[in-house]
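Undergrad: What follows is a single structure, and I will ask about it in a moment.
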Amino acid sequence: MEALSCGERRLGSEEEYAAPAVGVSLCDSAPLVWRMQDLRAVRAEGLVGALLGSLPRTPRQNGRLGRPLLLLPEEEGLLRERRAAAALPDRCQDWGGAELRQKHEEEEKRSFEEQSVLALEDRKLALLRAMTGAESGATSADEALRRRLQALDQNFTFPQSAMAVQLSTARAGLSYCPEARAFLQAYGPPGAEPRCDARYQVFRDLRGRGFYLTSAGKFGGDFLVYPGDPLRFHAHFIAVCVSLDESVCLLDVLAVARLGSNVKKTVLLCSPGPDARVCYTSLQWSGMI
Amino acid sequence: MADQNNTDDKGKFYSEILSPSELFAARSRSHKIPVRGQKDFFPDDSDEQKQRLEQSLNEHWSLLSEERVERLGNLVNGQWIPSKQIVELQSPAGKFWQTMGFSANGKQCLLPEEALYLMECGNLQVFHQDLPLSIQDGYEKFLSANTVSLQQYQVFGHLKRLGYVVLRFDPSSESSSYARQLNLPQSRDRAGRQLKRKRSLSPAPSSTPTATCSRAEAQEECSTEKMEEDKCSEGEEDIKLPEPPEAQSSADEGGGRSWWMMDVLGDSDKDSGHGSKSGSSCWDFSSISFPDLGSTSREHFPSDLAPPDPSLLPGDLKVGFCDIAPWRQKINLRQVKMSANEQKREKYRRRWDVNKNREVRRCRNWAEYQELMARRKGKREGRPAHLWNREVTPLHDPTQPIATGELLEKISVIKPTHLLEGASRLKDADDWRICFNVYQPNTVADFKKSNPGKPYSRMCVCSFDDPVPDLRAIKLLAYQSGDIPVVIAVVDYGDISFYTFKDFQLPTDVYP
């Protein structure tokens, strides 16, 4: 299990306090985050993302999903701008090499041996519990159990099929590409120019004000704006990004206002202005006064 | 592992591998998910909120960081074959074989999306070059534009988790619409339309034998039938036009008899228009007496008729007096008994003179008079000739019976259409494709992969960034799918919304 929280860092030098960089893997050109501490780091930056995979504990339900975490293009852009993320190579150079195979086999053998030992101890404990459990109990039953206990060391077998095996979520252990990670750690990811499209500007501004944002396609808008972490709070706004010089059809405004009032959220028309400021207009449906 | 013995932070930092003791202890893990509590509305920096947030986050991280641990005996082993982009099973398949996978070269195989889903469920372990693939490896190797895209896999996984059976859509294995047509009963629409076509082809029965009527119909018929066979139409034309087009004669046609014309020209509005003519062939009816043998009044009761003027008789013919009595015996001289009404009517009738009518006096010959009569009849019966003897005729002949529904169809400007109309002519486009066939969950028990039957719906995957499908795309999808509704799954990063377009006919207010 994960031993470290996202707070722990490796300090390279005295002056710089380098936060661990988030490794982003591309799958079908979509930015995915797989590792636990990468997910925590992303959350620490105030970015929510969207979980796509089955939850290991209960895979056959859609209520709660598991890793990987899909990042919005704006989220990825923001991480790159803050020099907090970089793309990882999708394959390790020496995948499938003989050395790796050997390591894997050794690991499996070692795991099997340890698990057999643990299984034997576990069985013994169970028998002991059964013996002491019987209070006054017939000594014949106790005797039988004691005999079984003694025989256990010789007769106990731990079949291969009973061995527990891990199906790793993230690319782990043998193939996690240690070189690339080390490189990222030492030099940090390259910075990226902030994007200039309207959506990114709005995202950046709202995030900077402390809001949490997720995508809002099914609400007819660009982003859903939460006052705090979405785990604990409901969304207040539906942000629709419109550029200042773009003319908006009145019917579209009415449609989005209706939508917003139906789901009890305020519609926010967001327009990035000339001096990196964003202009916000909220729509409220009210009667004539 | 090389860094197994060294306690380097770096190694452990990036590894999410469980130790054997942890693996063993995983047997007694709980399988329940904690229930999510109520959300707060507004952050107020209170400790309570902070605590709840921390608790939610911890719960969140513990659920996400949990790794899949399975007994080796419960796992099916497979091997990834990149050249064929499939997973070949090395050990026998489990329960999932009923709805997933296929056989190839005597081996059980799985499609990449099925293999990835089973990996995520913890039922399958896939090896590549003798090393086990992680879920991340599976995503990156199995999902691509060639096989199944990430968005399509999201929809696949979502539906599978709900319990549906999802198979790939293969357009070539769908029966053509014609083949389906043979099994399905004809829709009412089609029957109605065929009937309509038959009506326009068959010769419409014309009750009025006027030449103008038949000619107009023949023209209609010719235009439709000419498209079919030229010979046939020509024959019909011959039959339909026996007489020369003299019905079209207008007043300009010369050669009409002049004696009537003279009569009309002669008088103005005088009642009695019989002036005597000199030197013309006009007869002076006032001087010619026609004896009324049937008259009952005494004064007109001659016993015998005087012989005519000998100058009028030809040759040496001599005519004597004529005895009227035997002639009168041959006539029914009984007085007709009439009621007061009838007597009044009779009086008016005797006074009525067809020649007093202005329109009649304008007619210069019998032909024109006949035309006038035809016109009057047409107006009376609702079928005025001047409307029917042109190129553009009324839509419907009021003298013909027609059902209200059909009449409404005739006068409608916008014809109702259905989704599949014209769809077979559309050329296939690259952007909209059906990905999956979806079958209901409750059919899993008797589901047969070799004969899955009719799917519940067909899935088409897109995202909110893509344009809304236009009518052409919808028609194409409906045509490809046949009679099964097409559902469009729109993927919005983590969310999936399902939309479908349904055919709808506006109700007509007619009950046949």
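Every residue, even glycine, has its Cβ placed from backbone N, Cα and C.
Note that TrEMBL annotation is computational and uncurated.
According to TrEMBL, the protein carries these features:
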type: DOMAIN; residues: A:23-87; note: domain 'TSEN34 N-terminal'
type: DOMAIN; residues: A:198-272; note: domain 'tRNA intron endonuclease catalytic'
type: ACT_SITE; residues: A:Tyr226; note: active site
type: ACT_SITE; residues: A:His234; note: active site
type: ACT_SITE; residues: A:Lys265; note: active site
Undergrad: I need the CA-to-CA distance for A:Lys265 (active site) versus A:Tyr226 (active site), whole Å please.
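TA: That comes out at 11 Å between the alpha carbons.
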Undergrad: Go through the active-site residues A:Tyr226, A:His234, A:Lys265 for me and flag any whose C-beta is under 8 angstroms from a C-beta on chain B.
TA: A:His234
Undergrad: Check the domain 'tRNA intron endonuclease catalytic' (A:198-272) for me and report the mean pLDDT.
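TA: When the pLDDT values over the domain 'tRNA intron endonuclease catalytic' (A:198-272) are averaged, the result is 92.
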Undergrad: Counting only residues 6+ away in sequence within the same chain, which have a CB under 8 Å from the CB of A:His234 (active site)?
TA: A:Tyr226
Undergrad: DSSP helix, strand and coil counts for the domain 'TSEN34 N-terminal' (A:23-87)?
TA: 18 helix, 21 strand, 26 coil
Undergrad: What does DSSP call A:Tyr226 (active site) in the simple three-state scheme?
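TA: Going by the DSSP assignment, A:Tyr226 (active site) falls within a strand, counted as strand.
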Undergrad: Around A:Tyr226 (active site), how many other C-beta atoms are within 10 angstroms of its C-beta?
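TA: The Cβ of A:Tyr226 (active site) has 21 Cβ neighbours within 10 Å.
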Undergrad: What is the number of other Cβ atoms found within 10 Å of the Cβ of A:Lys265 (active site)?
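TA: 19, counting other Cβ atoms within 10 Å of A:Lys265 (active site).
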